[in-house]
Amino acid sequence: MNMAESHLNPVERTAAPAGTQEAAHGRPLEPLNAKIEVNNLNFFYNKFHALKNINLSIPEGKVTAFIGPSGCGKSTLLRTFNKMFALYPEQRAEGEIMMDGENLLTTKRDISLLRARIGMVFQKPTPFPMSIYDNIAFGVKMFEKLTRSEMDDRVEWALTKAALWNEVKDKLNQSGYGLSGGQQQRLCIARGIAIRPEVLLLDEPCSALDPISTGRIEELIAELKSDYTVVIVTHNMQQAARCSDFTAYMYLGELIEFGETEKIFIKPVRKETEDYITGRFG
């Protein structure tokens, strides 16, 4: 098996040690199987210290939401997981982001292979300037050699998982630009999962969508966690409460509190968290 295939047919990996995880400032959590472990993470835009000593465990097979005011660092943290910052020499990360025993910040793995394991969907729908079919097939072709029949099956599978197949199955050769905003975002999600990643990152995936499209995306997120570890950044606290199993509240580049979503929203430990959730922030 070559490196490009390894993420598609993963062997059993060593699970993170079981034990009690602690949220910011010592809040106890139940034992978790962490998919991603963030240890002493600091991030800089030139000299600006954007993330400050972040320690966090992302539970496997769950939806984790990052919330906080604009500029708090939640999107920056999300983008460190698949090294989006590597495109910009003035940006740097220090510390550890561990996944399956490997520090993603220092790995020698080809960055395209890393991003195949950790897919990402951005705030604004970004279909490629090609057909709906080719939008899905594009990434798959980078990592697998499939027959046309196999590719047809993969395209149908991904679009079905993204709850889009029934809406586009008769127009696969049409441009992705012809879809509505909500359909385009589901197309981007289908494109992200077509290469079968282990983790799916969603950066404000509903901010540009109408309420009906937002509802469909939220339903999709709930379904995806059965197959993927999902991390979502959102300004919408109600969305975080509806969609996530765990929530991290961030402020000024620091992780203030992390825990089970229900507890964070009903009985947070930190006053800063309570003030933000109840609208008394600032």
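Residue positions begin at 1 at the first shown residue.
Each Cβ is built from the backbone N, Cα and C atoms, and glycine gets one as well.
As annotated in Swiss-Prot, region 'Disordered' covers the listed stretch 1-24 rather than the other ranges in 1-24, 25-48, 49-72. Surrounding the centroid of the Cβ atoms of Gly68, Pro69, Ser70, Gly71, Cys72, Gly73, Lys74, Ser75, where the record places ATP, the chain contributes additional residues within 8 Å, namely Thr76, Met250, Tyr251. Under 8 Å, Cβ to Cβ, and six or more positions away along its own chain, Gly73 (ATP binding site) finds Phe43, Ala50, Leu51, Met250, Leu252, Gly253, Glu254.
Cβ-based neighbour count (10 Å, all protein chains) for Lys74 (ATP binding site) stands at 28. When pLDDT values are averaged over the domain 'ABC transporter' (36-277), the model yields 95.
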